[in-house]
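Q: Pulled the feature table from TrEMBL, pasting it below:
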type	residues	note
DOMAIN	16-302	domain 'Sugar phosphate transporter'
REGION	317-346	region 'Disordered'
TRANSMEM	12-31	transmembrane segment
TRANSMEM	43-68	transmembrane segment
TRANSMEM	80-98	transmembrane segment
TRANSMEM	104-126	transmembrane segment
TRANSMEM	138-155	transmembrane segment
TRANSMEM	161-185	transmembrane segment
TRANSMEM	197-215	transmembrane segment
TRANSMEM	227-251	transmembrane segment
Amino acid sequence: MAVSDGVVKKIVLSYTYVAIWIFLSFTVIVYNKYILDRKMYNWPYPISLTMIHMAFCSSLAYILVRVLKLVEPVSMSRDLYLRSVVPIGALYSLSLWFSNSAYIYLSVSFIQMLKALMPVAVYSIGVLFKKEGFKNETMANMLSISFGVAIAAYGEAKFDAWGVSLQLMAVAFEATRLVLIQILLNSKGISLNPITSLYYIAPCCLVFLSIPWLIMEYPSLRDNSSFHLDFVIFGTNSFCAFALNLAVFLLVGKTSALTMNVAGVVKDWLLIAFSWSVIKDTVTPVNLIGYGLAFLGVAYYNHSKLQALKASEAQKKAQQADEEAGRLLEERDGDGGNGRKSDNQS
């Protein structure tokens, strides 16, 4: 069967987005770990780091939209902004805050193992928001992924309950955000490109994060007078975060949250290998067995989603063909009727 050029182009583009996203995500994760870890750069202020990222992203997006006018802003009413963008901004800020905080307590490899729960969270929240139908088979699959992650956690050499709680909360908020982005982008008929997404969402995150920052990190930073902002470290780190945000919105906008989950699995294996070989984190055999089980569950889930997608596409095509045939029949009948009418008149 010949594959059309359009399909090939689409597949190549999808893989390009995925590769860019994996590379940037990998870089940001390792860089954030380096900055926040007490044994490395030793700057344990996750809210401050996330706020630096958001301020940088907001400024760049503002320059591109308002100053250079390279990107058209979206016409959005205040009501729509408050109902759609603000909840996504709130979820994004919580997800980033908690996931960055987890780097202080957990190894990079273990964090990636916990992130295997993302499809479980995306599916559960999708069911909750009625974006997904509940199926016993899928639920059993989700339980198998969770079981694998539980084994990986049991085998973790440096288990930290608080760190695990932070990472699980980050997963829950991130999954809700992914589902809401699809509801916001798709069903409300708004198409936000990567720049406008940051233009609207990043300032929102900054405002939300400033509240916990004032209470939790500002007093400590104020008293710690020895600290000065290293512009090279924080500048390059923020630039990577900005590029990652663009890649994330590109990936979800041009492909789907599901593709992002598949790409995430590949990135996680790469990070586990990097964490073990370069950062010298302890990765135990029980860790790997548990994560291997979770990985199989995630792979099966992605496979079944793909099959369902193909089936619905085929159904759509058949429906269109039926409609076309029906229309042709109607036209033919109509012509026949007109012919008969003119015969009668004569």
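Just so it is clear, glycine is given a Cβ too, placed from its N, Cα and C backbone atoms.
Where the annotation comes from TrEMBL, it is an automatic prediction and has not been curated.
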Q: Please tell me whether the transmembrane segment (161-185) and the transmembrane segment (80-98) touch - that is, whether there are at least 3 C-beta pairs under 8 Å between them, with each pair 6 or more apart in sequence.
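A: When sequence-distant Cβ pairs are counted, the transmembrane segment (80-98) touches the transmembrane segment (161-185), since at least 3 lie under 8 Å.
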Q: How about long-range neighbours of the transmembrane segment (197-215): same chain, 6 or more residues beyond its ends, C-beta under 8 Å?
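A: Apart from its flanks, the transmembrane segment (197-215) reaches 47-48, 50-51, 54-55, 57-58, 60-62, 64-65, 71, 73-74, 76, 81, 85-86, 88-90, 92-94, 96-97, 242, 245-246, 249.
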Q: Restricting to the domain 'Sugar phosphate transporter' (16-302), report the mean pLDDT as a whole number.
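A: The average pLDDT of the model in the domain 'Sugar phosphate transporter' (16-302) works out to 88.
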Q: Could you tell me what the rest of the chain brings near the transmembrane segment (80-98), counting residues at least six beyond its ends with Cβ under 8 Å?
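A: Tertiary neighbours of the transmembrane segment (80-98) are 46-47, 50, 53-54, 166-167, 169-170, 173-174, 176-177, 180-181, 184, 188, 190, 200-209, 212.
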Q: Could you tell me what the rest of the chain brings near the transmembrane segment (43-68), counting residues at least six beyond its ends with Cβ under 8 Å?
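A: Same-chain residues near the transmembrane segment (43-68) but 6 or more away: 32, 35-37, 93, 96-97, 100-101, 103-104, 195-196, 198-199, 202-203, 205-206, 209-210, 212-213, 216-217, 220-221, 227, 234, 237-239, 241-242, 245.
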